[in-house]
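To start, the structure itself, in structure tokens.
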Amino acid sequence: MAVATETQFHVLAVDDSLLDRMLIERLLKTSSYQVTTVDSGSKALQILGLQDDQTNSPFVSSDQHDVEVNLIITDYCMPEMTGYDLLKKIKESSSLKDIPVVIMSSENVPSRINRCLEEGAEEFFLKPVQLSDMNRLKPHILKGKYKEQHQQQVLQDDSITSSNKNSNKRKAMDDEISPEMTRPRLTSSLTVL
Amino acid sequence: MEVACLQRRFIDLTATIFQQEILDSQFTQLQQLQDESSPNFIHEVVSLFFQEAEKLLNELSKALDQQIVDFKKVDAHVHRLKGSSASIGARRVKDVCIAFRSCCEENNKDGCIQHLQQVNQEYYLVKSNLEDLLKLEKQILASGGSIPTMK
């Protein structure tokens, strides 16, 4: 995978159990992710910049929450705000909806799993989460990154070019990422030619 | 004590623990996560498990001591204990928790009390085994030996 920079991906892990937070943090760090753990959905939303009064986008920001999160992994069963509630809030937010979300649960309840997947969760991990599960995260992160960079490209292009180019890009955005995709990797600071 | 002797005891204890399913492969996973960058990981995680489990067992005892038992509350505690024991690989504790939850669902007070006794037993069994295991590890390392890797 050709990447322009050697940046570590940042995962936000949400779980009300301290033991499980310790575990998921170790699993993620072992897999070379940068990790932030929080013990509730509301704290997660705070970190993501959603609880504030300001409307801020974590990708194009210069405010207090200059945190870019590439993936959110959350427990399902949590008091006050469940993982499902958190997922919904994220998907309802224009600035956060493209961040991939993975749900974890100790219980294998098909209706629960389907509900989460239908709401936009990328995957459902059964607890205890294994090291091998970490390998399943990267494709979702890359898809999210592609959407993010693509959106920025679209915004840039909209301001200088015709709509003709845009229709092609919009189509590409809906496609699954294929290994043959040779689109150049863009950094968040785009140069306008 | 001689390193080889300690290592032998470690191997034997590990074999017994796994044979009796006191711990399962989840614990092995955790051992694999411990490395130079995180040398105290097992110790931290095990300590945390002890803390959480003992707190929950306390709460369970109190909850089942009530005249009118709040089975939802009892179930919530057992669910929590099941999660923690699964996370650390304490297989037998986890298995008793699963059965315990059925009693909660049936609002079966006697069944719950029985299962609480059982889960207490299993917990103290895994606790003493883990303590022995970690103590042996410490002794081996202190004597300049290395921890035998199992499987």
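Yeah, the Cβs are placed from backbone N, Cα and C, and that goes for glycine too.
Annotated in TrEMBL:
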{"type": "DOMAIN", "residues": "B:38-140", "note": "domain 'HPt'"}
{"type": "MOD_RES", "residues": "B:His79", "note": "phosphohistidine"}
Give the helix, strand or coil assignment DSSP yields for the residue listed as 'phosphohistidine'. helix
Can you break down the domain 'HPt' (B:38-140) into helix, strand and coil residue counts using DSSP? 89 helix, 1 strand, 13 coil
